[in-house]
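Participant: Structure incoming, see below.
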Amino acid sequence: MDGRRKTYVAVVVIQAIYTGMFLLSKVAFDVGMNPFVFVFYRQAAAAVFLAPIAMFLERKTAPPISFLICFKIFMLSLCGVTLSLNIYGVALKYTSATLAAATTNSLPVTTFILAVLLRMETAKIRTGAGIAKVMGIVFCAGGALTIAFFKGPTVKLLMHHHLFSYHGQVQNTAASSHWIKGVFLLLLANALWATWLVMQNRVLKSYPSKLLCTTLQCFMSTIQSFVFAIALERDPSEWRLGWNVRLLSVAYCGIVVTGVTFYLQAWVVEKKGPVYMAMTTPLALIFTISSAAVLFGEILSLGSILGGILLVGGLYSVLWGKSKEQKTAASNTGDIEKAEYELKEESIVEKQSSTPNARIQHACSPA
């Protein structure tokens, strides 16, 4: 298998793994698992899984950790991991796995907005690329508002009989008064995750050991999540896992999502770049819609479909604008380097022509 096909397979596997995360998390919450307890167990599983790998691979190359770096990683885990995952868990109880996958498409747009506010990105509205970025933000906002406030007729996909006795809970959740609250909580969770993406770039500049940094974030998030969970859930029975879907969802999200996708995403970004990785995000929405329809008989509203289309449109609009700006910048850089090279050549020629030997040769030439 050549390199191009390997990257195609990798991104499909990544989005399939995220589909499993949306579905298993939703099932775990709807069978009664507390979302705060779930996040604690998930982060603990991720920390236990990653710690020996990080120590083995980066034990000798990792730089020493100062108090300032430790504090930055602690705040990074609190904002982008602990708060984001806990809010996401509550939101998923109020909504559906399909909606969670749809709102994930707003992540690159939200990241771009934060980067502009922090002056890490620019939006030049007088250029085609800048207009595309702004339109992407408008599409994203319109998609979120459509999902939240417009239901429309329902659409039942594929099957009249679902495979698991879970369908009633999905319908009731989707029709409840908590739907709007869940939509905005999902967007808030994505905004916190976008903040994590932006700020992590700065932290990694001062502490470049990516795997060890991720492990430390999982460890610190485990402690933080335990504090949240123990404060909000005191019933010991809610902390029992057992050999059921709760344990499966915790192990899957902690080990497979955090461990496997971390490596695969880093490999794809290295081979194809972050834009290519972000462009494959809608695959998770397609996989989730089809899986939820087959497994749970999930019913979609027209508002959710239209909102999802707008979110995906906003994603691609921002990515196109970003790609266009990068190509323009690269072209301008090439033109500048070419001009500098030509000036340098002219300067060399002028110096050579100004030497005594050059003047003698010019005087003695037939011309």
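Cβ coordinates come from backbone N, Cα and C, glycine included.
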Participant: Looking at the candidate ranges 326-346, 347-367, report the one that TrEMBL labels region 'Disordered'.
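Facilitator: Of 326-346, 347-367, TrEMBL gives region 'Disordered' for 347-367.
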Participant: May I ask which of the stretches 69-91, 179-199, 211-231, 276-296 has the most CB pairs under 8 A with the transmembrane segment (97-118)?
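Facilitator: Going through each listed stretch, the top one turns out to be 179-199.
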Participant: Using a threshold of three or more Cβ pairs below 8 Å, and leaving out pairs closer than 6 in sequence, do the transmembrane segment (36-57) and the transmembrane segment (276-296) count as in contact?
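Facilitator: By the criterion, they do not touch.
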Participant: Taking contact to mean 3 or more CB pairs closer than 8 A (sequence separation of 6 or more), are the transmembrane segment (179-199) and the transmembrane segment (130-150) in contact?
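Facilitator: Since 3 or more Cβ pairs under 8 Å link them, the transmembrane segment (179-199) and the transmembrane segment (130-150) do come into contact.
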